[in-house]
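Visitor: To start, I am sharing the structure in question, which I have written as structure tokens.
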Amino acid sequence: MIEGVTELATPNVPPAPPSPSAMRRALRRARDGVSLNLDEAVVLLHARGDDLADLCRSAARVRDAGLESAGRPGTITYSRNVFIPLTRLCRDRCHYCTFVTVPGKLRAEGKGMFLEPDEVLDIARRGAALGCKEALFTLGDRPEDRWPEAAQWLDERGYDSTLDYLRAVSILVLEETGLLPHLNPGVMSWAEIARLKPVAQSMGMMLETTATRLFTEKGQCHHGSPDKDPAVRLRAITDAGRLSVPYTTGILVGIGETLTERAESIMAIRKQHKAFGHIQEVIVQNFRAKDDTAMRDAPDAGFDEFRATIAVTRLLLGPDVPVQAPPNLVSQQECLALIEAGIDDWGGVSPVTPDHVNPERPWPNLDTLRELTEASGFTLVERTSAHPKYVRAGNPWIDPRIGAHVAALTDPVTGLAKADALPVGLPWQEPDESWESAGRTDLNIAIDTEGRNTEARSDAALGQDVVGAFGDWDTIREQVRDLAVNAPERLDSDVLAALRAAERDPAGLSDDQYLALATADGAELDAVAALADQLRRDTVGDDVTYVVNRNINFTNICYTGCRFCAFAQRKGDADAFTLSTEEVADRAWEAYVDGATEVCMQGGIDPDLPVTGYADLVRAVKRRVPSMHVHAFSPMEIVNGASRGGESIADWLTALKEAGLDTIPGTAAEILDDEVRWVLTKGKLPSSAWIEVITTAHRVGLRSSSTMMYGHVDNPSHWVGHLRVLRGIQDETGGFTEFVLLPFVHQSAPLYLAGAARPGPTIRDNRAAHALARIMLHGRIDNIQTSWVKLGIAGTRVMLQGGANDLGGTLMEETISRMAGSQHGSAKTVAELAEIAEGIGRPVRERTTVYGRVDRRPAPIVPVG
């Protein structure tokens with residue numbers, strides 16, 4: 001018992017106490033700095049009296065070690081902010097919440113469904129005048145889904161959703177006041193987080209608890225609240241990590257969870273941070289019962305229980321993750337005990353606005369908070385909404401479009417807030433619409449003569465301060481092991497039965513039958529390949545087709561973190577490059593002179609690329625060569641462009657089509673199974689987003705290819721599932737022109753070098769995958785393309801005799817596979833492609849991008865435009 005501390009009620013879920021020996025052992029392990037397991041964490045949550053004091057000392061030592069390592073020993077941080085309650089409407093019904101209200105009450109109070117823009121700016125300006133640097137936007141989850149009044153309010157002002165409005169007012173605050181938005185809009189999808197990242201320094205959402213029963217059981221605090229499903233909340237936190245968003249989360253203490261559930265919640269957050277390094281702070285918030293709520297009679301969390309939870313959180317998270325407790329939910333004297341328990345951050349404290357979530361608990365005066373902090377032997381220092389290490393790291397954590405805003409308010413050395421800096425509005429805008437060529441622009445040639453300058457991008461491993469570009473490799477290897485456990489077994493009898501069924505109706509098999517074909521080997525595989533070859537002959541004849549084209553990769557600067565990719569580089573790396581629009585147009589003209597009918601343009605996800613950049617590239621090519629077919633931009637690039645432009649996928653694609661885009665590549669698909677996908681990539685779009693982009697493209701009149709990359713951590717069951725998805729899309733839209741098989745090139749791939757992937761597909765895998773594609777896609781997608789870049793001449797010929805009918809293109813340049821270690825060159829002449837087909841006695845025919853016939857034109861004399 002600490003002198004002067006208010007004794008609160010006992011915990012609402014009385015646990016069975018651990019044995020004294022279990023407590024002694026757990027405390028000893030905490031003192032020794034040993035990693036604690038779940039059982040030990042639960043034991044320590046019971047600590048009281050001398051045991052609690054011992055526990056807190058261990059937690060404080062871990063906290064102090066982290067501060068020392070971060071270069072700011074003896075400091076407690078806080079953010080001077082304003083609280084902007086954008087809307088108090090919500091579709092959830094949490095039993096402890098007084099923040100949320102209903103439309104009738106708002107009308108009775110003379111208030112709108114949302115704050116108007118001028119109301120938002122008034123709050124922000126008052127904060128800016130007092131030196132606040134953070135605009136904390138808090139609001140209910142998707143109120144338009146529950147309340148017609150909210151939907152009407154948004155519609156009348158031209159917004160499709162609450163998140164659209166939040167984006168708009170965030171830009172307004174940046175431009176008019178310079179305050180840095182921290183967004184708390186609740187559960188969001190990957191695409192929604194991506195769309196808001198350019199307007200926010202950080203985001204957050206309390207996990208609250210992983211106790212599913214509090215969501216599923218009637219009468220529990222989260223029952224009837226769709227956004228409080230722990231699985232949904234964890235997915236949103238994961239997506240923020242994939243997108244490198246500095247993210248705040250935390251737990252609520254005393255809302256009906258058991259101590260085991262509480263420990264599980266903390267460990268779930270730890271797992272998230274280990275994988276992505278994005279948890280910038282963890283809030284441990286004690287439940288306070290409020291009048292006019294369903295939980296008004298529930299007891300508050302006991303203070304000793306609260307202290308023990310903070311200490312255990314610190315021990316589980318380690319020295320590098322800030323632990324925060326709100327100073328307004330305890331007495332001033334109790335604040336001292338929170339520091340003793342291991343916190344190193346007070347969170348946002350406002351000199352302007354109340355805590356709208358806990359309006360009955362005013363913020364402490366900042367001078368008082370400083371005195372309390374100093375009484376514990378610490379110095380109170382100001383930060384911005386993103387914690388210092390993310391500010392110092394910059395890209396990909398801080399979007400370039402708010403880079404100037406962040407730089408104006410932060411110290412570049414410490415990453416903390418600049419002393420006495422007053423925010424000033426700055427334009428929120430895209431980079432200049434024109435850009436210059438930079439870096440190793442001759443890589444398209446040099447990759448075949450000189451090779452790479454470096455073997456890995458510079459941000460592959462950034463040390464303890466910030467997790468590297470690919471996330472945590474131990475976590476990834478664990479995911480790969482889980483995938484391996486579920487790999488299917490092969491049974492010869494199943495293969496033969498499936499083969500007989502496929503001969504009768506190739507497109508009508510069950511998934512189990514297709515899986516049997518995909519696992520075939522030996523004589524059975526020969527029979528499957530022979531069937532695929534016969535289906536090819538029946539469908540498209542014996543012609544082997546190709547397109548005369550040029551690949552133009554306009555930049556390899558990318559921060560997405562695809563673990564299979566050796567192409568992506570960080571800006572400033574020795575192999576990084578960007579091509580100007582003029583250079584791209586020049587290359588398109590050169591391709592035209594050499595007989596090309598198509599240019600295929602794809603690039604890395606460079607956050608500094610202008611939002612108009614994609615359309616600018618298309619227009620540049622069309623101005624130079626009006627007849628050139630522009631096949632460009634993967635679904636990942638399209639999502640990136642639409643998100644940054646604040647537009648829908650459909651509107652963005654329509655604008656690109658109007659600029660001259662003809663078709664899009666169906667790349668970035670990899671494997672359309674998120675279990676595999678999240679091993680392959682840290683930040684690329686999820687399967688659902690890929691499907692949305694492709695189906696939307698088809699609907700607006702842009703046809704596409706389809707692809708599958710295989711031979712890494714996948715197994716044949718994933719191929720079947722992937723092809724099943726493509727069949728469904730083709731049945732719906734009819735927009736696929738071809739299916740392209742992309743064997744994984746492993747030599748320089750980070751995933752392989754980390755020991756987490758196979759060394760590419762085997763010959764059996766290649767034959768089975770090509771044959772399976774022909775059989776499963778029969779009657780839906782006629783053209784099956786094989787890759788000479790990845791398989792070489794001999795391998796390509798084998799695939800042409802097992803279901804494939806197309807060679808792809810002449811390419812003229814190819815850097816993606818070559819940087820990954822492919823040894824089969826980056827260009828083929830028409831004669832060389834013809835030789836591949838003639839070597840197996842097949843005729844060859846040039847085609848267009850969409851598989852039309854080509855009428856040869858006379859060679860040009862002068863460039864157009």
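In case you wondered, yes, glycine gets a Cβ from its N, Cα and C as well.
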Visitor: Quick one: which of 1-21, 442-462 does Swiss-Prot have down as region 'Disordered'?
Guide: 1-21
Visitor: C-alpha of Cys565 ([4Fe-4S] cluster 2 binding site) to C-alpha of Cys94 ([4Fe-4S] cluster 1 binding site): distance in Å?
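Guide: Computed Cα spacing between Cys565 ([4Fe-4S] cluster 2 binding site) and Cys94 ([4Fe-4S] cluster 1 binding site) is 43 Å.
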Visitor: Could you please provide the mean pLDDT value for the domain 'Radical SAM core 2' (544-785)?
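Guide: Across the residues of the domain 'Radical SAM core 2' (544-785) the model's pLDDT averages 95 on the 0 to 100 scale.
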Visitor: Expressed to the nearest Å, what is the distance separating Cys97 ([4Fe-4S] cluster 1 binding site) and Cys562 ([4Fe-4S] cluster 2 binding site) at their Cα atoms?
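Guide: Between the alpha carbons of Cys97 ([4Fe-4S] cluster 1 binding site) and Cys562 ([4Fe-4S] cluster 2 binding site) there are 40 Å.
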Visitor: Looking only at Cβ atoms, how many others are within 10 Å of the one on Cys97 ([4Fe-4S] cluster 1 binding site)?
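Guide: That number is 19.
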Visitor: Restricting to the chain of Cys558 ([4Fe-4S] cluster 2 binding site) and a gap of 6 or more, list residues whose Cβ falls under 8 Å of its Cβ, or answer none.
Guide: Cys565, Phe567, Ala568, Gln569, Gly603, Gly604, Ile605, Asp606
Visitor: How many other Cβ atoms sit within 10 Å of the Cβ of Cys94 ([4Fe-4S] cluster 1 binding site)?
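Guide: I count 23 other Cβ atoms within 10 Å of it.
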Visitor: Around the [4Fe-4S] cluster 1 site recorded as Cys90, Cys94, Cys97, what other same-chain residues have a C-beta within 8 angstroms of the site's C-beta center?
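Guide: Going along the sequence, the neighbours appear as Asp92, Arg93, Tyr96, Phe99, Val100, Gly140, Ser225.
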Visitor: Taking the recorded [4Fe-4S] cluster 2 site as Cys558, Cys562, Cys565, identify the other residues of that chain whose CB atom sits within 8 Å of the mean position of the site's CB atoms, giving them in sequence order.
Guide: Thr560, Gly561, Phe564, Phe567, Ala568, Gly604, Ile605, Thr681, Lys684
